[in-house]
Amino acid sequence: MEEHCRLAMAAAFVILLTVRSSPAMAMAAAATEVHSLGLNRNETERINAGVRRNLGGLPEVYHKKLKIAVPLKHGFRAFVNVSDQGVTGYCIDLFEAAVNRLPYRLIYEFVVFDRSYDELVQSVSSGINDAAVGDITIIADRASHVEFTMPYTESGVSMLVLAENESESKIEWVFLKPLTKELWFATVIIFLFTALVIWIIEHPRNMEYQGSNTRQLSTALYFAFSTLTFSHGQIIKSPLSKIVVVIWCFVVLVLVQSYTASFSSILTVKRFQPSVTDLDQLLNNGDYVGYQEGSFVNSFLTRRGFSERRLRSYTKKQEYAEALRKGSKSGGVSAIVDEIPYLTAIVSDPRYQKEFQMLKRIYKTPGFGFVFPPGFPLVHNLSTAMLDVTSGDEGSRMEVKWFGAEAVSPSNAIPNTDSTPLTLQSFSGLFIIYEFMSALMLMISISMSVLAQYTKIRVSDVQSPGVDDGNGAHEGSNQAQNSMGNGFVADRPLREIRIDDSSQDIHGSVERADGEEPRPIQNGSVPANSTQTIVS
């Protein structure tokens, strides 16, 4: 037990030295301490191995200048730029900043590799190069042969397409876009339903809804659709109709205000419509598709079903832009499929911001990383140092230096200015309440009409046997004629006016139905010897 305690003390002492000393000094101090503790040779080797792991120290075979391969790029040189003055770029600056944060000194040299990225990775796995630094995408096929550092940029595959300004195209039907087809159809049906309900309730008692079929139909439809502008006027009389109209006006108010807000959003926001929306559309149309030369995107597209003769490779931003402007039918392409960091560099460029549009991510990858042989002890420590750089101010300064202040991240590189149309589901509850109340008012109206007709028939049946002269039948006939179909009978006395012309002045007499003395009428204009019955 005492011996193990001494061993633990030695390990703790060595780890403390790793923070304040170089690897060589730490190893020497550890060896001295172990020797002073009297440990055997095997225990000494085990402690030294632990020191190397904690330090990320290099094995003896790597105590030489590392040969690090960098890709030779003809475009997108902000990532890696090989020139006569040396190798520069965002990836190089990030690697050197991470190496400077390691607790030991690493000696290396860059060698230019002028082949594909897959071959660059293979050169590391085969031992031709000790490592590879650059914009190398981490994918499963490559990770099975080499070891990557943690990704230092968010990535994935997306599409770059030509943006068509919708304001330059036909927009005569743009007023239909705030609502979906289902909502438009439901709205028309609700309007017709409202016209039918109002007509059924008002027809028996309102002269506005009587007459020819054409007149009745036009009046009902005009009333229903005039509620859109609240110009329907006072052409309803039934309290049941008024209840229906009040609820319907509220529905119309909500619908109109929602439509106005959505329509304003469509007209006021400058909208760009992509010429292509997805890969399947390109595949079905047989369009040409572009990609970056040497990228794994070529194999990705062939797996998705694209033939090699439909794929065209490019290397520079300018080539991307020119190919998209030409289009598939003029020797160009309909879309560029590439990794998001490259496409982001294009859409953030002021020269191309308003001309091209990047779509949603169609394939996910971890991002860019640096390549080392399997089991290389430098990977963990270098990944930690890279994370420290990218999460701090130094990483932000690098991005501004190489990509400019207008560089955007993939998450906000695709502004979504499209207004979502209003759906039927948004108004389903409101429509259900209105339809229920309208149906209820309609049932009440029909019930009242049926009850009125039933009461009128009962009264006629009771009065018919007791009629001695024509007066009872006459009164019943008058009641039936004055009935408006809802059980209400007008109670109006009949007056008979007899006119007797004896001179230029016309004199008449009014004989009331109850037998009162007639009352003369002067200054009349009724022809002589005529009789007229007036209902008052």
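We number each residue from 1, going along the chain as drawn.
Quick reminder: no glycine exception, Cβ is built from N, Cα and C everywhere.
Annotation comment: TrEMBL describes 1-24 as signal peptide.
The domain 'Ionotropic glutamate receptor C-terminal' annotation in TrEMBL covers 65-405. Taking the domain 'Ionotropic glutamate receptor C-terminal' (65-405) as a whole, pLDDT averages 87 in the prediction.
Remote same-chain partners of the transmembrane segment (183-201), defined as residues 6 or more beyond its termini with a Cβ less than 8 Å from a stretch Cβ, comprise 176, 209, 216, 219-221, 223-225, 227, 236, 238, 240-241, 244-245, 248, 251, 255, 421-424, 426-427, 431, 434-435, 438-439, 441-442, 445-446. What TrEMBL records for 183-201 (among others) is transmembrane segment.
Sequence-distant contacts of the transmembrane segment (243-261), counting only residues of its own chain at least 6 positions beyond either end whose CB sits under 8 Å from a CB of the stretch, comprise 178-179, 187, 190, 194, 197-198, 201, 227-228, 230, 232, 236, 422, 426-427, 430-431, 433-434, 437-438, 441. Positions annotated as transmembrane segment by TrEMBL: 243-261 (among others).
Annotation comment: TrEMBL describes 431-454 (among others) as transmembrane segment.
What TrEMBL lists as region 'Disordered' is 464-487 (among others).
Taken from TrEMBL, the feature compositional bias 'Polar residues' applies to 476-485 (among others).
Residues annotated as region 'Disordered' in TrEMBL: 499-536 (among others).
Summarising the annotation, TrEMBL assigns compositional bias 'Basic and acidic residues' to 508-519.
The compositional bias 'Polar residues' annotation in TrEMBL covers 522-536 (among others).
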